[in-house]
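Reviewing the structure listed below.
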Amino acid sequence: MEDDGKSPPDSAYGEPKKYDPNFKGPIQNRGCTDILCCILIVLGIIAYVAVGIVAWTYGDPRKVIYPTDSKGQFCGQVGTPNEKKPFLFYFNIMKCASPLVLLQFQCPTTQICVENCPDRFLTYLSVATTQQNFDYYKQFCRDGFNNFTKSPVEVLRDRDCPAMITPSKPFTRRCFPAINTQKGVVMVGNSTTFDDGRGDKQRNVTDLLEGAKKANVVLEARQVAMKIFEDYTVSWYWIIIGLIIAMVISLIFVVLLRFLAGIMVWVMIVLVIAVMGYGIFHCYMEYARLKGQSGSDVTLKDIGFQTDIRVYLHLRQTWLAFMIILCILEVIVILLLIFLRKRIMIAIALIKEASRAVGFVMSSLVFPLFTFLLVCLCIAYWAITAVFLSTSNEAVYKVFNETQCDFSGNTCNPETFNTTNVTRVCPDATCQFAFYGGETYYHKYLIVFQIYNAFMFLWLANFVIALGQVTLAGAFASYYWAFKKPDDMPAFPIFSSLGRALRYHTGSLAFGSLILAIVQMIRILLEYLDHKLKGADNKCARFLLCCLKCCFWCLEKFIKFLNRNAYIMIAIYGTNFCTSARNAFFLLMRNIIRVAVLDKVTDFLLFLGKLLVVGCVGILAFFFFSRRIQIVQDTAPTLNYYWVPILTVILGSYLIAHGFFSVYGMCVDTLFLCFLEDLERNDGSTERPYFMSGSLQKLLNKSNQTKPDK
């Protein structure tokens with residue numbers, strides 16, 4: 001089978017590589033490249049460390065973890081006066097129903113830290129008059145309140161104590177009324193009404209309910225989050241077991257590819273078709289089973305969004321949609337296999353060659369762990385710095401008032417507030433902790449530091465990935481260009497390639513990752529603008545933004561593709577980034593047919609391998625967590641949403657499979673570029689023999705001439 005695969009000659013894409021008798025693979029004698037970018041990334045890292053030090057100096061993560069009282073003090077923080085008071089108590093939670101809550105995210109009522117939430121109905125008037133339960137009531141008064149000679153009216157006026165307390169339960173470290181329903185009637189404790197402690201008529205419990213809802217605007221979202229968190233706490237070890245199974249399957253698959261590449265690829269293709277076929281069969285059986293059942297004919301549009309995915313599984317339309325999607329995917333895969341069957345044979349040969357290369361460079365299978373750990377380090381540094389930056393603001397106090405007040409919302413000082421004229425003009429006004437901010441030079445530029453933190457994270461993460469790619473490329477290129485394998489290969493190909501990359505090409509890797517980081521940062525800013533403009537009526541702006549997002553998405557994909565091939569050229573020839581990118585692009589364009597078909601076919605086959613691993617583990621997780629495996633039915637944990645661990649296992653399995661198959665992907669890409677250069681440099685003669693394996697030569701109808709016997 002002859003496979004020319006070249007595009008017509010075009011000088012615009014340069015001349016084919018000429019034969020060089022001295023070329024034996026990755027060049028050893030090379031110099032430093034893109035030194036300016038190397039200096040830039042070093043300076044960037046120094047500045048990044050400086051930003052981190054400043055953030056860690058001024059930041060305080062306690063502001064995220066612990067609630068704060070009206071004085072800005074933390075509740076439950078070890079080493080503070082409130083160490084034994086972990087819960088936040090609202091003097092009058094009904095005031096949280098004020099629209100100010102939605103504008104300023106703070107209730108216009110006094111808030112203190114308490115040891116326990118109240119468990120009974122009491123009013124200050126009743127305890128002050130009878131002295132019963134007074135010691136219990138005092139724990140809900142301001143710290144230091146001991147002037148028992150003050151009249152109840154003065155105590156309530158000065159907000160020394162709450163007018164009433166109600167049975168409450170802690171939620172997210174805050175005391176909320178213990179509201180429940182009995183036979184559809186809203187109650188708190190065992191009552192539907194309560195005394196507000198101000199001598200007014202009995203108030204309805206629904207007033208408390210309204211205040212509690214506004215006190216926590218995201219109460220329902222937090223409840224869902226808490227349920228998801230609970231699911232993780234009872235299923236985390238099963239999730240880990242599922243991920244271990246995915247790792248074992250991926251490892252077995254990669255090892256089998258090493259020895260049985262051709263058979264494994266065809267087995268993989270058949271299994272993918274079989275798995276999707278079973279999915280279609282299962283969806284049809286569920287669709288047929290639900291026929292005639294009450295409520296199963298409700299449409300997805302009518303039922304709307306539900307957090308419990310089990311609701312959707314009782315609808316026939318859900319299983320019909322799944323079946324249609326799987327049928328479309330099945331047809332697409334089968335058609336691709338039919339039309340690409342000839343190219344698949346060449347792709348299998350390339351995968352076989354990649355398997356041999358991995359066999360000679362076995363350390364390449366564990367090298368992605370090094371890259372993974374470095375990426376995790378980048379993520380950890382970015383996340384910690386972001387938290388410290390976001391919590392490095394100072395406590396800001398604002399004027400809060402129940403009624404209309406000209407000073408409402410102004411900044412105030414709680415130490416001197418009672419001596420100002422604000423209390424004379426607005427007697428009900430209070431100076432309370434509002435949020436964390438600041439007016440200093442540092443606080444004004446916090447957003448700049450956050451943007452720099454995000455940008456440096458993208459730059460360093462892309463740099464680490466680039467380092468991994470160029471290291472693997474150098475190792476696999478040394479395999480391909482070794483005429484006598486493994487005699488002509490270095491003793492430690494991975495370490496040799498890593499050393500060359502760090503010593504000579506840090507600047508080139510920084511250059512490529514910088515370009516990619518800039519494009520990714522622009523995409524993030526466009527997403528932010530899109531989020532801000534969602535409520536806008538300007539359709540022209542929305543359309544323009546959508547076009548920009550699409551263009552930069554395509555640009556990012558192209559740059560990733562170009563960078564990947566440029567790193568291969570850097571690993572082989574030691575040229576700078578721009579030269580390597582140009583040479584790689586021209587080489588690919590001179591062989592555009594092979595690139596468009598052969599290289600993408602191998603990517604498709606490797607993707608099927610990932611799909612097979614994810615499909616096997618995903619189906620197993622679905623049957624286990626939905627309690628459909630009789631043998632281990634009692635072992636499966638009881639969950640609020642069983643899709644939570646299933647989706648986690650599926651996502652984790654894909655990342656694990658991607659980690660293992662990425663080695664093969666980089667190996668295939670490297671061998672592919674070497675393969676193209678081999679065809680351009682050599683012709684199979686005794687003077688210019690091919691470096692490709694005998695199986696590839698046979699498949700392409702190429703051969704090396706042997707020297708005639710004398």
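Here, residue 1 is simply the first one shown, and the rest follow in order.
Glycine residues also receive a Cβ, built from the backbone N, Cα and C atoms like all the rest.
Keep in mind that this is a model prediction, so the values were computed, not measured.
Database features (Swiss-Prot):
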CARBOHYD  Asn147  N-linked glycosylation site
CARBOHYD  Asn190  N-linked glycosylation site
CARBOHYD  Asn204  N-linked glycosylation site
CARBOHYD  Asn401  N-linked glycosylation site
CARBOHYD  Asn418  N-linked glycosylation site
CARBOHYD  Asn421  N-linked glycosylation site
TOPO_DOM  1-34  topological domain 'Cytoplasmic'
TOPO_DOM  56-236  topological domain 'Extracellular'
TOPO_DOM  282-319  topological domain 'Extracellular'
TOPO_DOM  341-368  topological domain 'Cytoplasmic'
TOPO_DOM  390-458  topological domain 'Extracellular'
TOPO_DOM  482-508  topological domain 'Cytoplasmic'
TOPO_DOM  530-567  topological domain 'Extracellular'
TOPO_DOM  589-603  topological domain 'Cytoplasmic'
TOPO_DOM  625-642  topological domain 'Extracellular'
TOPO_DOM  664-710  topological domain 'Cytoplasmic'
TRANSMEM  35-55  transmembrane segment
TRANSMEM  237-257  transmembrane segment
TRANSMEM  261-281  transmembrane segment
TRANSMEM  320-340  transmembrane segment
TRANSMEM  369-389  transmembrane segment
TRANSMEM  459-481  transmembrane segment
TRANSMEM  509-529  transmembrane segment
TRANSMEM  568-588  transmembrane segment
TRANSMEM  604-624  transmembrane segment
TRANSMEM  643-663  transmembrane segment
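Asn421 (N-linked glycosylation site) sits 14 Å from Asn401 (N-linked glycosylation site), taking the C-alpha atoms as the reference points. The list of residues near the transmembrane segment (604-624) in space but at least 6 beyond its ends in sequence, with Cβ under 8 angstroms from a Cβ of it, reads 238, 242, 245-246, 249-250, 253, 265, 268-269, 271-272, 275-276, 333, 336, 340, 344, 347-348, 351, 632, 636, 645-646, 649-650, 653-654, 656-658, 661, 664-665, 668. Sequence-distant residue pairs (6 or more apart) of the transmembrane segment (509-529) and the transmembrane segment (35-55) include at least 3 whose Cβ atoms are under 8 Å, placing the two stretches in contact. Across the topological domain 'Cytoplasmic' (482-508), DSSP assigns 15 helix, 0 strand, 12 coil. Sorting the topological domain 'Extracellular' (625-642) by DSSP state (H, G, I as helix; E, B as strand; all else coil) yields 4 helix, 0 strand, 14 coil. Between the transmembrane segment (35-55) and the stretches 261-281, 320-340, 459-481, it is 459-481 that has the most C-beta pairs under 8 angstroms. Asn401 (N-linked glycosylation site) sits 14 Å from Asn418 (N-linked glycosylation site), taking the Cα positions as reference. For the pair Asn147 (N-linked glycosylation site) and Asn418 (N-linked glycosylation site), the Cα-Cα distance reads 18 Å. Residue with the densest Cβ environment among the glycosylation sites Asn147, Asn401, Asn418, Asn421: Asn401, by other Cβ atoms within 10 Å.
Sorting the topological domain 'Cytoplasmic' (341-368) by DSSP state (H, G, I as helix; E, B as strand; all else coil) yields 26 helix, 0 strand, 2 coil.
Within its own chain, the topological domain 'Extracellular' (530-567) is flanked in space by residues 466, 469-470, 473, 509, 512-513, 515-516, 519-520, 522-523, 577, 580-581, 584-585, 588, 666, 669, 673, which lie at least six positions past its ends and keep a Cβ under 8 Å from the stretch.
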